[in-house]
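First comes the structure, then the notes that go with it.
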């Protein structure tokens, strides 16, 4: 922006093309269009992020109910197995949601640099290492599937049905557990839809293109205004036209920031600083459910790093 603004001032004063500028009405119309397009983009991105957060809020609530119902029947080993398998499902889900996709923005240079300020748990470990303590021998069978989370929910359903047929759980608890398994399927489907269906690229590209065009033309529309200000005299008279540079840079930065906020928030599971902190949410659920089992050797909560929760 600084370079373009300086070129606009130079072109306005350069002999032969002195007075070169872009009509202010053109810049005004383009700026209004950019504001509407960027506002629409950010609104849609916020809707995606809100839905992702709602899905994990529902997963948290349903996980608590799952733990309560599992502990209602007097079979501690079975309750622990069902709860641990649920924790394995959470683990498989967050690893699936953290896998990189071609359209995500974490590979960009600016994001790579910023990501050094915090850690993503799924980047530092392997899913196999986290599933084996929860599943034991079943982990190998689960890991053979390309969709471990789905396999784990199917295993939950099979075991719950078997327990009911063996009359080890009462009908009312069986019904509630089946409802919860269905709810986990629904919430996973919501998360998969957000993860695997990006914000339409045509809108994102058009928005970024309009911002780029606007920021390029802005100094050429602003420079006549400051040139006229200089003709009025006063202390700023000789340098008034050069005020084009800081003011154009400031306005352009505002529009580029608006576009960048939407771009960096479009994929709420990729691990950006603005994303849903699924690692922290799943760790909190694990601590709560294992506490309900009476365990004392619990993992530590995942605290924000540099005020960024992951």
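Cβ coordinates are placed from backbone N, Cα and C, and glycine is handled just like the others.
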Among 159-178, 179-198, 239-258, find the range that TrEMBL records as transmembrane segment.
239-258
Transmembrane segment range according to TrEMBL, out of 128-152, 203-227:
203-227
Scan 23-40, 41-58 against TrEMBL and say which stretch is down as transmembrane segment.
23-40
Against which stretches of its own chain does the transmembrane segment (23-40) lie, if we need a Cβ under 8 Å and a gap of at least six residues from its ends?
203, 206-207, 210-211, 213-214, 217-218, 220-222, 224-225, 255, 258-259, 262
State the residues, same chain only, that lie 6 or more residues beyond the ends of the transmembrane segment (203-227) and have a CB under 8 A from a CB inside it; answer 'none' if no residue qualifies.
1, 4-5, 7-9, 11-12, 19-24, 26-28, 30-31, 33-34, 37-38, 40-41, 44, 240-245, 247-248, 251-252, 255-256, 258-259, 262-263, 266
